[in-house]
Every structure is written in C-alpha cells, then in structure tokens.
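Participant: This structure is in structure tokens; I'll ask about it shortly.
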Amino acid sequence: MGRITLDKVQKKFGDVEVIPPLDLTVEDGEFVVFVGPSGCGKSTLLRLIAGLEDVTGGEIRIDGKPATDLPPAKRGLAMVFQSYALYPHMSVRKNIAFPMKMAGMDKAEQDRRIAKAAEALNLTDYLDRRPGQLSGGQRQRVAIGRAIVREPAAFLFDEPLSNLDAALRVGMRLEISELHKRLDTTMIYVTHDQVEAMTMADKIVVLRAGHIEQVGSPLELYHAPRNTFVAGFIGSPKMNLMGGEAAKRHDAATIGIRPEHLDVVDGGGTFIGKVGVSEHLGSDTFFHVHIPEMGEPMTVRAGGEVGLRHGDTIHLTPQADKIHRFDEKGLRIE
Amino acid sequence: MATEHSKSSARIMIAPAVFVLLVWMLVPLCMTLYFSFADYRPLRATFDAWIGFDNYVSFLTSSSFLSSVVTTLQMVAGILVITIGGGVMLALLLDQPMFGQGIVRILVIGPFFVMPTVSALVWKNMFFNVDNGLFSYLFKFFGAQPYDFLSQAPLLSIIVIVAWQWLPFATLILLTAVQSLSSEQIEAAEMDGASPLSRFWHIILPHLSRAITVVILIQTIFLLSIFAEIFVTTNGAFGTRTLTYLVYQRVLESQNIGLGSAGGIIAVILANIVAIFLMRIVGKNLDN
C-alpha cells in the first residue's frame, strides 16, 4: 500500500515561499512524475514527502496516517538520489544490506532479499565489488536495489538518470518502468526532462514556481494543455505559440500548433515563410521556418524525405481541429 | 615537462636546491655517525676517534634506554588518542552552521601558532601551578585539595600540553574531510533508518579514515621529537624522559658527545622503523 496525500502543504525558506499551499493525491501503485524547469520546487516537494525537509504548513498522510512529523525512516519510503549516494567504503552487498541491518532484520532474511534484488537487477556478479569499481548504470541499479529490499510503501526518485549518458538513460528508463510494472508499488519520480515524464508516467504533475500547473496523464497533457506554460513544456519539439493576427482569426489571445500538426502544402497555405535550419533525424525532418510577420521561427515536422533546402519558400497549413486556443491569461479556451 | 629539453632544464633548475638539502642533511648525519664511534668528552679533554661499538653497547644496555623508549611511546600514543578523538568531535561541531563560524574557526586554530616553549610555560604557571594555578583555584572552589599535576602526574600533564598544541592541526584536517562528505550520503543513511550514532559509525568515521591516517602519520613524525615541553616543565624527571631527551642529557648534561651521538643514531633508526610501518598502513589506506 502506498497512497500519499498532501493537504495544503507549504514550504518556506526564511521569507521565501518555495511551495505555496498545495494539494495532491498520489494513488496506490501509481507512477507519478513531477516535472518542471529547474528551480520550480519539484525536488523540494519530493524531499518534503521523504521527510528530509520539514513542512512549514499543511499535512502529509501516507496510507491515511498522518506522517508530517515522522522522521524519514519511519515513513516507509525509499529514495534514490541523483548522485546515487552509495556508501563508497562498503561492498555492493553491504550497501544493499544497510537499511535491513539498521532495521535489525535477521541475517537469513537479509541474504534472501539481497539475492532476490541482485537477481532482479542483474547485480549478482558484482555483489562483492565496491561502488567505485562499477559503471554509472550499475551504481544506479545498486541504489535501486538498496531501495527495493526495504519493501517500501513508495519509491522516491530524485532525477536519477541525469548523471547517465543518453544511451544508458533510455535503457534505465525502460528498466525503471519495467520494475514499476513488476513491483506494482507507488513511485514518485522527479525530472526536468519532459521526455522522461511522457514515457514513464501514469500521471504527470507539471510544476512552475511551486504551483501545480496541471495534473493528468501524459496524453491528457499533450492533447489538452490547460495553459500556455504546459503547452510549451510538454511535447518535443515545443509547440509553436503565436499571438497577434493569427490568433485573432481564431478568437483567442494566443494559439498553439504542434510541429506535427502543420502540413506542408504546395501553395496557398495559411503561413508562408522561408526554411531556416533543418534537422534530419531520418524518420522525421524538423524545419525551422521564418515567417515575416512572426518574431520566432516556427518548427514544422515533415516526413523523412522532403526536398526543401535552406532559403526555400514553404507553405504551411495547420490541421484545423488540432489548434489549441488560449485567452489573455494564457488559459485554455475549450 | 613534455620535451627532452624541458626535462633536462628542469633538472638543472632544481639541482641547487637538491644539493643544499643534501648537504644540510648529510653533513650533520655523517658527523653524528663519526662521533658515535668515538670517545669524545670535551670537558675531560678526551678524544679517541675509534672505540668501535662501545658507545652503542653502553647506550643500549643502560637501564634508562628501555624506559625512555616506553615513555616516548606512551607519550606519542596518549597525544594521538586525545588529538584524534577531540579532533573528530571538534570537526563535527565546527561543521554545524552557527553564528560567528569564521571567527570560531580561526580561534580554534590559535594554539597551533603558539610556540612550544611558550605554551608549556603558560600551562605550567597559569594552569598547573599548585599555589596560583587556575586548576588549583578550581579544586579549592569545589572544596578539594589542590593537585600538583606536574609532580603527581607529570607524563599526563605533558601529554595534555602537547595535545592542546596539536589539537588544532588534527581538527583542521578532519574538518576539511568532514566537509567533503556529500550531504546526500547522510540523507540516504537517514532514509535507511540509521540513528545519528550509527550514521557516525557507519558513514562518517569510514569517510574520515584517510584523513585520520594522514594525521597519525604527520603527528607521529613530529611527536617523536618533543623536547621543549619536557625541558620547560619537568626537565625529564618523574618518568618523562623520552628518547630525544635522553640523547640531550647524554650530550649536554653528561658532556659525553660520543654516547649521545650513538643514542641519536639509534633514535634515527627507531624513528625510521616506525615511519616505514606507518607508511605501509597509510599506503594501504590511501589505495582504495
């Protein structure tokens, strides 16, 4: 079981309010991702849940029981840190055994759980090595192993993949998702990378300056962003947001069109511009199109083989039903 | 230092320094070696350039030799225990955020800047003195009999004085080590359910082990040659005669330069044995 409820939770550092009172419920077994730009308070929120920071106001409940004043160890949560925080002078085995040793668990049970975790994480051959002798991905798995053996009510991940190289990151992303399916335990995952959020989450919490901007499944956020911030943050490449004349035609202050919802047409398009930089990914090509009446270039997704070159004129037409409209405050108009 | 040319010019540049250091070390060492095989007592106008190993035999077989070695080891061990134990605790305290942290840290380093003779005199007259010492006042305040530290517990008194001088050094090195411990590790241990005491024992102390071995190595080398503190306080009486002090007595008080030189060479050999052992331990500890 691992249902975590935040009720008006607030955090101040001195006079600075990092997290204004905030409500959130994480259901049992859910994979929740906190995502937002750096400094948005997502790590602080995770540390409040872990108990590594004291809340200034409000209440945290885990499985219905108040946990606001419990020390970290008593909350039944396990955390994986950005730097992995392995104990360098202990072997992998001892690292994984540490929380069980601290809990005074008997030796046979410890060995059984270590063996099980090591097998699940492909660490069996490395149990007697020191963390310093392992690669980044292996260290990451040791950190996860140390969390698993406690059989916690929920796992907390604090940007666990940011120290890995790109290829390894994709692999670990799958492993963590796989682990979640297998254990069926609540996981809360903090990242600034919206791709990680989209690929892993059951539920995404988008944060900005301590405020929750939107909560929803990845596709909800993609299809119906509640405001311009979420619209610009979720999706890769970014959504094209434009105001002025183009927006007025749709009775909105700002409209947003995703790069994949712009069609390249032979002539008579809504937007006419010049092709700037083009990024060829093989399967897709992203064009940056400079349109005279707009300040920022638009990004357009086209198929892999489009015979357009730098400086060519391009005609674009948005797919009418995929245009997002926002009012003066940046809120979505349905 | 990549090219052949720059390598050879570097060698030429450091040659004078190496030469001066060598002369400074070799000349006294050779003279001591030379005198240690001689019967040289200036006040009696005796000089016999070669008497074989007589000086060594009489130095090693005298009853004061063994007791001085034991005293030296007791003194060094005592000081190491106090400075490392106290140093670890002070380092952990100074690592806590507090008001006036910068000033407090400078004050803690203070004793290291006081020269040994002065600090020994201050302790002798200001703290340990039976009639006017602060400790005597303290004892009297609680209605107890004043305690004559320097004659009742002379070895302990000297250990306290020297430990006071070296505590800042240990604290400083250990403080930097404490500061280099990542806070995430402590937090991870906290999440893992480790109490403050087991966090200290399982995380902080192993992290400090390197710094501790460095402190032990450096301090031992310096502590084997303690002299001023003994000279100023007990003059080597009451079982505070270390090997260094014994050599001094043989040379200056007995005016037997030959015997003293033999003692000096023995002290050099013993110190080197200790150093080799320590280097091995440190090397092992620094490897992983």
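Glycine too: its Cβ is placed from the backbone N, Cα and C atoms.
Whatever TrEMBL says is automated annotation, not expert-curated.
Annotations for this protein, taken from TrEMBL, read as follows:
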- B:12-37: transmembrane segment (TRANSMEM)
- B:69-278: domain 'ABC transmembrane type-1' (DOMAIN)
- B:73-94: transmembrane segment (TRANSMEM)
- B:106-123: transmembrane segment (TRANSMEM)
- B:155-178: transmembrane segment (TRANSMEM)
- B:211-237: transmembrane segment (TRANSMEM)
- B:257-279: transmembrane segment (TRANSMEM)
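In terms of burial and nearby residues, how do these features look in this structure?
Facilitator: Long-range contacts of the transmembrane segment (B:12-37) within the same chain, counting only residues at least 6 positions beyond its ends with a Cβ under 8 Å from a Cβ of the stretch, are 49-53, 55-56, 257-258, 261-262, 264-265, 268.
Counting only same-chain residues 6+ beyond the ends of the transmembrane segment (B:73-94), those with a CB under 8 A from a CB of the stretch are 101, 104-105, 108, 155-156, 158-160, 162-163, 166-167, 169-171, 173-175, 177-178, 200, 204-205, 208, 212, 215-216, 219-220, 223-224, 226, 240, 242.
Counting residues 6+ beyond its ends, the transmembrane segment (B:155-178) has Cβ neighbours under 8 Å at 71, 74-75, 78-79, 82-84, 86-88, 90-92, 94-95, 105, 108-112, 114, 116, 119-120, 123, 128, 149, 204, 207-208, 210-212, 214-215, 218-219, 222-223, 226, 229-230, 233-234, 238-240 in the same chain.
Long-range neighbours of the transmembrane segment (B:211-237) within the same chain, counting only residues 6 or more positions beyond its ends whose Cβ lies under 8 Å from a Cβ of the stretch, are 72, 75-76, 79-80, 83-84, 87-88, 115-117, 119-121, 123-124, 128, 150, 154, 157-158, 161-162, 166, 169-170, 173-174, 176-177, 243-246, 248-249, 267, 271, 274-275, 278-279, 281-282, 285-286.
Sequence-distant contacts of the transmembrane segment (B:257-279), counting only residues of its own chain at least 6 positions beyond either end whose CB sits under 8 Å from a CB of the stretch, comprise 29, 32-42, 51, 55-56, 58-60, 65, 69, 216-217, 220-221, 224, 243-244, 246-248, 250-251.
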